[in-house]
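Scroll down for the structure; my scribbles are underneath it.
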Amino acid sequence: MKKPILIINFKAYDNAFGKKGIDIAKKIEKISIEYSTEVTLSVPATMISTLSQEVSLPIYAQHIDDVDLGAHTGAITAEMIKEAGAKGSLLNHSEKRIRLDQIHNALTKMKKLGLESVVCIDRYELVNPIGLLQPDSILIEPPELIGSGISVSKAKPEVITKAVDEIKKTPSVYLIAGAGISNGDDVYTAIKLGSAGIGVASAVMKAKEPEKVVEEFIKGALRAIENG
Ligand code: G3P
């Protein structure tokens, strides 16, 4: 059976770091193990090392800077996140845009270091140009729906279907959809429309019982995959 790609972006929510960050990661890990379904956590840079040790889930950075080691105050490099235990990183999130040349440089470095990459984009027209740079995955998120509670699956399904068409030109790259994903049906629909999985933040990070939300997402994903 195909495996869904599920990425939970901790962003900078108040429970994304410290004890609360460990607590939510462990809750997600428990559900992930229960359903034998991998869930990737994209966490603040300061939490990569801790969470890599505390949970068995793949840990991603939320961003890396495209600089080599040296005199770059404040930089978070691919080498640093790898050493801290990250398996990969998001790049170019709507809340952390970088230039195209920086995306390319960062991807080249990540490949060399064996890090996985998920490049975020805000429109389907960018699927092919970014796909040509050969990241592992592309995460498409209409920015106006991010954090809105209104899912891309329901409000803009055509963004997913057009993106799915475009990704066929670079078949080794996975297409993931995100923005406003709120329930199992949103996940189900996104996958049925052809995406390989989903990226989500607020529905999990702001939930009273995040583990229940993640459980619903996993069930929605597995249902979509089972139904072909
Ligand atoms: O990286 C995923 C994120 O931008 C989606 O945010 O809050 O709409 O699930 P949200």
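Note: Cβ is positioned from N, Cα and C throughout, glycine not excepted.
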* To do: From the candidates I48, I140, I146, I225, give the one listed by TrEMBL for the same substrate site as N9, F10, K11, G180, A201, S202.
  => I146
* To do: Return the residue, from the listed recorded positions K11, H93, with the maximum count of other C-beta atoms within 10 angstroms of its C-beta.
  => H93
* Asked: Where ligand 1 binds, which of the binding-site residues F10, K11, G180 are close by, with Cβ under 6 Å?
  -> G180
* To do: For H93 (active site, electrophile), find which of the recorded positions F10, E141, I146, A201, S202 come within 10 Å, Cα to Cα.
  => E141
* To do: For each of the binding-site residues (I146, S202), count the other CB atoms lying within 10 A of its CB, then report the residue with the highest count.
  => I146
